[in-house]
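Colleague: Take a look at this one; I'll ask things after.
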Amino acid sequence: MGPPGRWCHLATLTLLLLLLVAECRGVERRRRPRYSDVSTSDTTSGSTFLFHKDDEVTEARKNYLNPRNVPSESCPRDEEAIARMGRTCLRKCNKDEDCLSRRKVCLCDGVCGLSCIKPDKECVDLDNPVSGYVDVKGRVVGSVATYRCQEGYHLIGQATRHCQANGIWTSAPPECRENLYCIDPPTIPNARHSGLAGQTRFEVNQTLLYSCYEGYTTRGFDVAKCFLYNNTMQWFG
C-alpha cells in the first residue's frame, strides 16, 4: 500500500478529469457561416462575422455557390443553343463588378446571356449579297445587320444578323436568289399531290408525287416536276 499523499494526488487528478469531461459535454458546438460580404452578428455568442460574395444563392431547387451564376431572367444563357452553334462564351455575370477587367462590362450577348465583354469590340465589315444589299446599324456588340434583295429576287437564310462579343456575326450570310418558281401544279381528277396544303409556289426542280383516292388506280405518270424551259417556269410530267 503506497503513501497517503500519492492516493490524494491520484484522486485529485481523477476529479479534474471528470470535471473537464463534463465541461466539454456542456459546450455546444456552433458552425459559423462560410460566406458573406455583409457583416452580421451571432446573437447567441455575441460574435460578428463577414460573408463573402461566393455565398450560396438558392434559385428554385438549385444552389449557386456564386451569385453571378444565377440565370438572368432578361438575358439567360442558352446552353443547348451554345452547343448547337459551337459558340464560345465569355465569363458569366450579373453586374459590372463581376468582371475581372475594368475594360469589360456586363452586357447581353445573345445565346451566351449576360457576359463580361468589351463594349467597344467590333465585328468585321459585311459585304452586300449578290442581287441584294445589307443595312448595318454599327459594328459594335449588339449591332444588327438586315439583309434585303432586289426586286425579282428572294432571300435564302437569316434576314438579320447580330454582332457578338467574340467579334463574329451570328449565322451565315444569306443569299438572294432569282424568283424562279412554278405555280398552279397540274390538277388530276380523283388524286392528290404531295405538296404542302396551301402551298402556291414551288422551287425549280421540285417534284410532286400524285396518288389516287381510294377506289381509283393510276394511269400514266404519277409525278410532276418544275422546270425552267425557254426562260419560262413550267410543269412537266
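Sequential numbering from 1, following the chain as shown.
Each residue, glycine too, has its Cβ placed from N, Cα and C.
So TrEMBL says this about it:
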| type | residues | note |
| --- | --- | --- |
| DISULFID | CYS149-CYS176 | disulfide bond |
| DOMAIN | 67-120 | domain 'WAP' |
| DOMAIN | 114-178 | domain 'Sushi' |
| DOMAIN | 180-237 | domain 'Sushi' |
| SIGNAL | 1-26 | signal peptide |
Colleague: Within the domain 'Sushi' (180-237), how many residues are helix, strand or coil going by DSSP?
Modeller: 0 helix, 25 strand, 33 coil
Colleague: Could you count the residues of the domain 'WAP' (67-120) that DSSP puts in helix, in strand and in coil?
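Modeller: Counts, helix then strand then coil: 16 helix, 9 strand, 29 coil.
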Colleague: State the count of C-beta atoms found within 10 angstroms of the C-beta of CYS149 (disulfide bond), not counting that atom itself.
Modeller: 21
